Amino acid sequence: MKRDIKNIALAGEGKKRIEWAEREMPVLRLIKKRFAKEKPLKGIRLSACLHVTTETANLVSTLKAGGADVVVCASNPLSTQDDVAASLVTHNNIPVYAICGENKQTYYKHLQSALAHKPEITMDDGADLVSALHSTHKHLPVFGSTEETTTGVIRLKALAKMGKLRFPVIAVNDAQTKHLFDNRYGTGQSTIDGITRATNILWAGRVVVVAGYGWCGRGIAARARGMSARVIVTEVDPLRALEATMDGFEVMNMIKAAKIGQIFISATGNTSVIRKEHFLLMKDGVIVANAGHFNVELDLGNLRALSKLKKMAKKHVEEYMLKNGRRIFVLGEGRLVNLACAEGHSAMVMDMSFAGQAMATEFLAKNYNTLENKVYPLPEKLDKKIAGLKLASMGISIDALTSEQKKYLNSWESGT
Ligand code: ADE
């Protein structure tokens, strides 16, 4: 079987960890059982560009159970769990192109390998496959694609707005069962986890600056506060800044925050959020990390130019010694800190995100020829179904409207 992975001998350990994650993914397990019976993806060639983690392994084995002919490539050079890649090849017979620490050239070679599969459906986390399908692989016919993350959805909507999108895309990220949980609780916890694993810092009493108050920033700020840090939020959007203020955070611009922060975390999806003028104001020994999809949020080019020395302080921690004598520690090369320095989100939350991916794929397979070349949300019915199944798996029951209440909600008269 074609593949490019680090070490096939890691498969045994990978299998155990994949099974551990599966215990926490009851919704995906139900979908897998149904897929195995109904085979809704029978014979469909599918290429998935995702973080190769234990949770992703459970998703791709679900797609395979549904009849799909799946290959996987990495969506980030540092997020691959090499034992998982080995297990997918060995135990699931799924070709994988992903090596933790791969360079840019290998990263793109792996994307090309996934596209050489001639996928009919693609699955992206960051829109790199779709991007290639609009540049180097313009002529490959594709039914449709699904997208996992905010950054990818933004790229795809830009493509659609220019009228250039070649096929329909389901924005799984925009499902409520995805961003309200994965982006907020998943990123919130896994970002704290990544920084803790890389540095073993104590959070209590630290001044933490969170750039961006979207769903990820909200989650990170809440969790940092939960660790007794003093949390400052920076924003460009007045509504979000106001919300952060009323959520009880200190809000200020980055120029001010740069002088007082001790740990900086970017979660904006934008470029050069922490840059030259900020680095120059930072205290000695600050820690800087990125929780956004691409490694563009920290302007590391300029940080290098400002530095007289750069070395590895320890695994995952680069020390930049500025010409002014102060030191700045950058985690995970400025890439997604939760996946570069830890294991990403917990399976409990990826269960819903990947249930959305599996259902979006099934929806595309059944409906692609009736869809336009647009970015679609996951149908609300499916979103609600995932929420219902998740609640049931947690043993939580909720009320149902009585017929009197339904009638009341549908009438225009007041109750008096
Ligand atoms: N994105 C964030 N966490 C993840 C995980 N555990 N698996 C796959 N993608 C992720």
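Here the Cβ of each residue, glycine as well, is placed from N, Cα and C on the backbone.
Database features (TrEMBL):
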BINDING   T53, D125, E148, K178, D182  substrate binding site
BINDING   149-151, N183, 212-219, E235, N270, 291-293, N338, H345  NAD(+) binding site
DOMAIN    183-344  domain 'S-adenosyl-L-homocysteine hydrolase NAD binding'
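Locations of recorded TrEMBL features on the structure.
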| residue | record | Cβ neighbours (10 Å) |
| --- | --- | --- |
| T53 | substrate binding site | 23 |
| E148 | substrate binding site | 30 |
| T149 | NAD(+) binding site | 28 |
| K178 | substrate binding site | 28 |
| D182 | substrate binding site | 29 |
| N183 | NAD(+) binding site | 23 |
| G214 | NAD(+) binding site | 19 |
| G217 | NAD(+) binding site | 30 |
| E235 | NAD(+) binding site | 24 |
| G292 | NAD(+) binding site | 29 |
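Counting only the Cα atoms, the space from T149 (NAD(+) binding site) to T53 (substrate binding site) is about 16 angstrom.
Using a 10 Å radius centred on the Cβ of D125 (substrate binding site) and all shown protein chains, the other Cβ atoms total 26.
If you take the Cα of N183 (NAD(+) binding site) and the Cα of E148 (substrate binding site), they are about 11 angstrom apart, rounded to a whole number. Other C-beta atoms found within 10 angstroms of the C-beta of H345 (NAD(+) binding site) number 26, with every protein chain shown included.
Less than 6 Å separates the Cβ from ligand 1 in the case of T53, H345, drawn from the binding-site residues T53, K178, G217, H345 in sequence order. Rounded to the nearest whole angstrom, the C-alpha distance between K178 (substrate binding site) and E235 (NAD(+) binding site) is 23.
Using Cα positions, the member of the binding-site residues T53, D125, E148, D182 nearest to E235 (NAD(+) binding site) is identified as D182.
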